[in-house]
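So that you can see what the record holds, here are the features copied from Swiss-Prot:
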type     : residues : note
TOPO_DOM : 1-7      : topological domain 'Extracellular'
TRANSMEM : 8-28     : transmembrane segment
TOPO_DOM : 29-34    : topological domain 'Cytoplasmic'
TRANSMEM : 35-49    : transmembrane segment
TOPO_DOM : 50-494   : topological domain 'Extracellular'
DISULFID : 52-79    : disulfide bond
DISULFID : 109-170  : disulfide bond
CARBOHYD : 116      : N-linked glycosylation site
DISULFID : 123-154  : disulfide bond
DISULFID : 141-165  : disulfide bond
REGION   : 147-160  : region 'Fusion peptide'
CARBOHYD : 202      : N-linked glycosylation site
DISULFID : 234-334  : disulfide bond
DISULFID : 351-382  : disulfide bond
TRANSMEM : 495-515  : transmembrane segment
TOPO_DOM : 516-521  : topological domain 'Cytoplasmic'
TRANSMEM : 522-542  : transmembrane segment
TOPO_DOM : 543-555  : topological domain 'Extracellular'
């Protein structure tokens, strides 16, 4: 716990950290002594109640298109939360991707039965035998030759013809279906964070709004009761080449298989357009004609091929099914228009009465906390005063996920979600003299979170792919580069310079660039210049974390 406090103190006090390093280097005579002195200085520092520089609140909004548009990536199994100034916090979750009305390419019979077996034979030199069933496509037939003579009804010895037919009926089949990208339907749930009910992405009740996205209607508006309208413009990205893949459906299971493998299966089949279901092609692949004896020939059908197919499909991607529709994975790249959204309760006054904790603070898996409080004072509806402060109660830290929490009526529980900083902090609810002051310690590492966020940013840029880049104009190129730098390096930059003033950040960027330009080593020079330019760019350009944005399109 103390090591975590040291890390937090170092990140918030880069100036004092540099001074400690210089002091340790000056006092110590060996590398071991210098390292020991530096560790001792930083270990003592967190306990000295020195001047603390708090981390400012940030709105993590994906995209660099000003205040109106926000770019997000939705994936199955994940939830995206968007926050913007004076806008409600929204949860977006992609809950379902369905293939509607896939076209049947081919049907295969995997279990059959034989009935109405008939045999006709001829003696030598009497010609080929024939049956009327041979003209019926429902029957499977085979011509053979058999030894004939006096012992089995023929006057001459020699080879005589024999034909056997049996009616082929399929008991169980499997289908191969082709999915067209335009038949995919994406279901998204949009849920505003509300204090009245702790709304999450899968809440489709009072607060959540379910919308459908298809390639034909990629732009959709969602009316959020009490919060206005959000517009979504989405471009589906399944990551699958449906021209080369077929969905093999067997009863209530489905697999994604290669098209050519599916077409080469040695089983009786029907074209997908066949509506009769009886004129099977290659029926003989499931039928065995035994050796004929004079006027008799036995014919048997092979057993069910379902087990063999399950074995052959080992390792194939299994696709889930729901109500006859096929469910896919994949992701959506969406652009949100938030200019028609509004916050509830902006005109309410602050609550001045007493609050009590209904449910103790609970930590979520996302690094946030949820606390349930109840207002016992008068004057509702009103806004809930909520702050997260350092131990000296001088600097506001962390951020509020449930933007502008409000009390609609007295004694009604309200859920509030917030993200405290790593280490010790105070959660303060209400106003003096009846404030709730709750101490909280958040486990984890700021540096570890920095690298984790950087990896998520790089992954997001990879998912966005070519849609993240605009080469149509010079401005588009620079905007795309800015988006990439912000997505990937924004977390490292924020953690490294969280306690440094704007002027000092500019100066550090200039110094790094100047050192790089004057370095004799080519590799070192290029590296330092790139680091300096990225540092300057992330400081000078506003990239949706904090600051002001001017939208020339809305002038």
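Including glycine, each Cβ sits where the backbone N, Cα and C put it.
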* Measuring C-alpha to C-alpha, could you say which of the disulfide-bonded residues 123, 141, 165, 234, 334, 351 are within 10 Å of residue 116 (N-linked glycosylation site)? => 165
* **Same-chain residues at least 6 apart in sequence whose Cβ lies under 8 Å from residue 334 (disulfide bond)** => 71, 72, 73, 74, 92, 232, 233, 234, 235
* **Proximal residue to residue 351 (disulfide bond) among disulfide-bonded residues 109, 123, 154, 165, 170 (C-alpha distance)** => 109
* Asked: Are there any residues in the same chain, six or more apart in sequence, whose C-beta is under 8 angstroms from the C-beta of residue 141 (disulfide bond), and if so which?
  -> 131, 133, 134, 163, 164, 165, 166
* Structure fact -> Across the topological domain 'Cytoplasmic' (29-34), DSSP yields 4 helix, 0 strand, 2 coil
* List of residues, in chain order, with Cβ under 8 A from that of residue 154 (disulfide bond) and at least 6 apart -> 123, 124, 148, 160
* **the region 'Fusion peptide' (147-160), counted residue by residue under DSSP: helix, strand, coil** => 3 helix, 5 strand, 6 coil
* Relative to the Cα of residue 79 (disulfide bond), which of the disulfide-bonded residues 109, 170, 382 has the closest Cα? -> 382
* Structure fact -> Rounded Cα distance in angstrom between residue 109 (disulfide bond) and residue 382 (disulfide bond) is 68
* For the topological domain 'Cytoplasmic' (516-521), would you mind checking the mean pLDDT of the predicted model? => 72
